[in-house]
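Right, one structure below, let's go through it.
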Amino acid sequence: MSKATCSFEGCHSAVITINDDNIINLPEQVHSEFKLLENRTMRDATPSESNFLVVPDVWDFDNVGVSREIPSSILGDLSDKSDFVFEYGNSSWKIKKCLKYLICADCDKGPIGIICKVQDQTKNEERVLHLLSLRSLQIMGRN
């Protein structure tokens, strides 16, 4: 199993063990839209999609910090963003609103992910998920 760690020099704190079944792809523009940190080596690769780890519960992390609520003036309304739809748990989910940022709990740097309100596109049910940007972290032990 691979581990996601903080990518900042002098930190490298373990953030979470990665479950490959919970990795989703979102469009490339998600990093600029949500103002997420990008690991320099990953940013230079310029892939067309970005991998995120879906984490259902904050207690599933080994070590993560959470910011204050993100003012809507920073990110705006996402209801018209049809690009931010992903498949997870046999459902199609749409990101409705970003609530808070995820940061490294040891060095307080980031943001390395977002806590989002998402909506199931078929059942019309809403829930909160943690989306951890794998491009914002260093991945150890990946084959």
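Placement of Cβ uses the backbone N, Cα and C atoms for every residue, glycine included.
Going by Swiss-Prot, these are the annotated features:
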| type | residues | note |
| --- | --- | --- |
| DOMAIN | 1-131 | domain 'MSS4' |
| BINDING | C6, C11, C104, C107 | Zn(2+) binding site |
Specify the count of other C-beta atoms within 10 Å of the C-beta of C107 (Zn(2+) binding site).
15
What residues, ordered by sequence, lie under 8 A Cβ-to-Cβ from C104 (Zn(2+) binding site) and sit at least six positions away in the same chain?
C6, F8, C11, S13, V15, N63, V64, G65, G110, I112
Please average pLDDT over the domain 'MSS4' (1-131) for the predicted structure.
85
Among C6, C11, the binding-site residues in question, whose Cβ has the most other Cβ atoms within 10 Å in this structure?
C6
